[in-house]
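Q: Take a look at this one; I'll ask things after.
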Amino acid sequence: MPKRDDIKTILVIGSGPIVIGQAAEFDYAGTQACLSLKEEGYRVVLVNSNPATIMTDAEMADKVYIEPITLDFVSRIIRKERPDAILPTLGGQTGLNMAMELSAAGILDECNVEVLGTDLTAIKKAEDREAFRDLMNELGEPVPESDIIHNLDEAYTFVERIGYPVIVRPAYTLGGSGGGICHNEQELIETVTSGLKLSPVTQCLLEKSIAGFKEVEYEVMRDANNNAMVVCNMENIDPVGIHTGDSIVVAPSQTLSDREYQLLRDVSLKIIRALEIEGGCNVQLALDPDSYNYYVIEVNPRVSRSSALASKATGYPIAKLAAKIAVGLTLDEVRNPVTGTTFAHFEPTLDYVVAKIPRFAFDKFEQADRRLGTQMKATGEVMAIGRSWEEALLKAVRSLEIGADHLLLEEAENADEATLERKICFPEDDRLFFLAAALRRGQTIEQLHAKTKIDLFFLYKLSKTIELENRIKENPQNQEILAEAKRAGFSDAFLATCWNVDEQAIYDLRKAQNLFPVYKMVDTCAAEFESTTPYFYSTYEEENESTRSAKESVIVLGSGPIRIGQGVEFDYATVHSVWAIQQAGYEAIIINNNPETVSTDFSISDKLYFEPLTLEDVMHVIEIEQPLGVVVQFGGQTAINLADGLAKRGVKILGTSLEDTDRAENRDAFEKALEILQIPQPAGKTATSVEEAINVATDIGYPVLVRPSYVLGGRAMEIVESEEALKHYMTNAVKVNPKHPVLVDRYVSGQEVEVDAISDGENVLIPGIMEHIERAGVHSGDSIAVYPAQRLSSQVKNTIVDYTTRLATGLNIIGMLNIQYVVDGEEVFVIEVNPRSSRTAPFLSKITEIPMANVATRVILGENLIDLGYTPGLAPEKQEIFVKVPVFSFAKLRSVDTSLGPEMKSTGEVMGKDVTLEKALYKGFVASGTTMHDYGTVLLTVADRDKEEAVELAKRFNRIGFTIMATKGTASTLEEANIPVSQVKKIGENQETLIDYIRNGQVTLVVNTLTTGKRPERDGFQIRRESVENGIPVCTSLDTAEAILRVLESRSFELESMNASEVKQPKARV
């Protein structure tokens, strides 16, 4: 049927900031959808609050609104733009929930807006646990025995009938938020309480646990003509009980018989047809491994994380086609863009195996609860493609960047028997490595199957990998064994360890027998039809399907999996760099391994290699492509860390030279450069031992800021206030990167300022200067950034421009650089220089309209800024105010301290823009999920050093009508200042304590600056965690609290009676 011509304007709702459970896959989906709709001639309006996305680029839609995805703001956009329809199914849970809110508030009816893709009734049937259960019962499809509960009493009633364990699944939440498996009453109370709070409809499904069943997913598509097809089926290695986002996943499924596959396929198609979904849908099923019994677990009536994985695994662009189906086109009339000849209703066929492994942030959160369950904890994921399951798995392992190039983790190999058993029986993020360790110690696959319920097939494959390891060790430099190992996915680095030689020796050995990988094409049809997809993976076979073109090429290294400190901002820069390379007339080639991102959409680059970002794997691509050079500036620390090895192998690193990169990142070299350039920095030195660090700290005075070289996201960075704390830090931190010393700096508590700049070697362009609201000491990624800077004098700005220009030219930077300064009065000190793209580049690019990664790439390729049309120096400042507000995923990471410091903790960001700082901040806070109450109770419990400052904040909160609550010490200080305050008991005291007030909803904002709460037993830690668990905003920096206060003051009105007494009282504002 033809596409609809009765609609002209479509509003696409984005997914907002990156959080655990909702990451870059929705930038990929949203970008595809916007381009797909524009391709069909529709006027597209986009709303999304995340500036770090490709989808919020001005070219992606006819109108782009970077505004909060809240009922208030989206309603305003609808009333202004008057769209004929909205498409909410490509914005994750955020998009679906917003569509439901708009409908419930009557906005869609008022403005006569139609919902495309999946109608609201279908969304309700899939998302509302009770409606979903009723639908399954109607269809005669089995669901686990369950009950809908709205309070704890109903939960007790269900458990009395069924017994433990039970699974809690909150309605309308993301990534299993608030859910979990409960084995006892204490766990039930905690999980149900949390789940009901996080569910927007205060509803949970309690179901009988079927943990141990196989978990299988089907990604399905349906159009308005009721044509339905399976894009991909995937099998979780981990059985039911671990969230699919935290599971190792294989596509296509490996252990289903044809009968099982067809049975579950028919069920999935039956469900999508019953829901009348038009577009993409994900069906999750549980299969009894010992019979043909199955249960339907849940349905996502939208494009999801699994959709992105299925798209990259098959090459079938689900989001693009879902958008076309939403406007009336059918699967049998839309061509498959991969083959260009077949139509979209042909089900993809795979002649390879895909493995996905999640990436967790536990390297940053040592205190976090690492146990896996039904609530997702991974921040990102990697994908690898091979001809066998074991090859794909080993390629995925070395893509993770966790210091393992094989199924070998030191902690697992050295673990005692008790730890080994615990790690195997109670899964954590690293269970795969403990399974391998158990096999090395002689445990059988039958024993491991009994403990884990992982299918014997996967355990058998693991055991064969371990067997091959042993044969490798027993037969050093054996050519046949070497060839077998390479076919099985073993890395040169691991083989070198086995044979006690260096990696180059293994390469030479392979070269002598011409043992190199070939590249196969991902074509959706297992070579049944001719395809020209420029999408490749490596394997050790005979026929190579990737041929070098006559055009000169440039390779861009991607940034790998999303993790804290290296997020979607780097993928944004990678994509823009690719576009710039193409504009300059070169062939652009990407190497990356993240299935969620826009950069791994094969239509973005001229060629895509889906490969691990290791020296060996990257060099293989370079050898076949023979590029002009490699760009490493946009792939975060992942790419920068490869530069040295590539250069040693004769590869040309484009842009800033390796020597100059090292001058910026190596402390001693950087200090010498600053001396020559006469630019001040806080006093400090490098240290390679505990004794050396103590001597440096004694010389410059405490507090000191300590951090290792060559890290991203403040990894292992800390403010240390005493010799004892420094000793403790040094015994942990120096392990982080033993090749580089630890930096010990005097901590300057001034105002932090951040600058991104582009240099062509002679001219330096500074798009903007951003100031941080939080003073120095809070990681820049966790600080609220403001542009243009509001509190800097002209003299300070001029100094910053001068220093930035001198640093860029003095360090011979070609391309991008990011500099962080601290301003103390009128003095400016440089803290660090990063000779690469930064986290703030997308934010600055959007607001200054200078496409930084694009311009930097053109400069890297040899052009100069003036010829490109840019005037060196600071670009003219915009009139509007823009803020970048961090977003955290603390609710998903229990046991993690929420206090902010030098180590980064945020997973994403949002942008607020308006004509005043207060309005921009309001938008930023609201978009980040902070609830802005106009009245209520503020709980203040602050460190002694902050009490004086807290008095002024308390006065202002009181003036606008807030009640102040404080613990004894803080309360005494406030009483002395004549501020009305209610004193509350500390944790551990008799009667109601402050924790009770937090749990009972009597507190609307918590301000807590007790920075000694790193260990869970500390009071400060408990206060902050309870606040997060109960959805109460908590500020661990007085600067953040002051920013919230400014917003609240701007929204209040002064009230004064006409018969005011002669003794004037302070005016009350509400």
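Glycine too: its Cβ is placed from the backbone N, Cα and C atoms.
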Q: Can you pick which of Glu692, Glu721, Glu832 Swiss-Prot lists for the same ATP 2 site as Arg707, Arg746, Val748, Glu752, Gly777, Val778, His779, Ser780, Gln820?
A: Glu832
Q: Name the residues of the same chain, 6+ apart in sequence, whose Cβ is under 8 Å from the Cβ of Gly777 (ATP 2 binding site)?
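A: Within the chain, Gly777 (ATP 2 binding site) has Cβ neighbours under 8 Å at Leu705, Ile719, Tyr747, Ser749, Gly901, Pro902.
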Q: Would you list the DSSP helix, strand and coil counts for the residues of the region 'Allosteric domain' (930-1070)?
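A: Per-class counts: 55 helix, 23 strand, 63 coil.
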Q: Reduced to three states, what secondary structure does DSSP give Glu215 (ATP 1 binding site)?
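A: DSSP assigns Glu215 (ATP 1 binding site) to strand.
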Q: Is any of the binding-site residues Arg129, Glu215, Ile242, Val748, Gln820, Glu832 within 10 Å of Asn300 (Mg(2+) 2 binding site) (Cα-Cα), and if so, which, in sequence order?
A: none
Q: Relative to the Cα of Gln820 (ATP 2 binding site), which of the binding-site residues Arg129, Lys208, Ile242, Gln284 has the closest Cα?
A: Ile242
Q: For the C-alpha pair, I'd like the distance in angstrom between His779 (ATP 2 binding site) and Glu215 (ATP 1 binding site), rounded off.
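A: So the Cα of Glu215 (ATP 1 binding site) lies 39 Å away from that of His779 (ATP 2 binding site).
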Q: DSSP on Asn300 (Mg(2+) 2 binding site), three-state: which is it?
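A: Note: Asn300 (Mg(2+) 2 binding site) is in a strand by DSSP.
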Q: If you average pLDDT over the region 'Carbamoyl phosphate synthetic domain' (547-929), what do you get?
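A: When the pLDDT values over the region 'Carbamoyl phosphate synthetic domain' (547-929) are averaged, the result is 91.
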Q: Out of Arg129, Glu215, Ile242, Gln284, Val748, Glu832, give those binding-site residues positioned within 10 angstroms of Glu298 (Mg(2+) 1 binding site), comparing C-alpha atoms, in sequence order.
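A: Taking Arg129, Glu215, Ile242, Gln284, Val748, Glu832 one by one, the ones whose Cα falls within 10 Å of Glu298 (Mg(2+) 1 binding site) are Arg129, Gln284.
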Q: Measure from the CA atom of Asn834 (Mn(2+) 4 binding site) to the CA atom of Lys208 (ATP 1 binding site) and give the result in Å, rounded to a whole number.
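A: Checking the Cα atoms of Lys208 (ATP 1 binding site) and Asn834 (Mn(2+) 4 binding site) gives a distance of 52 Å.
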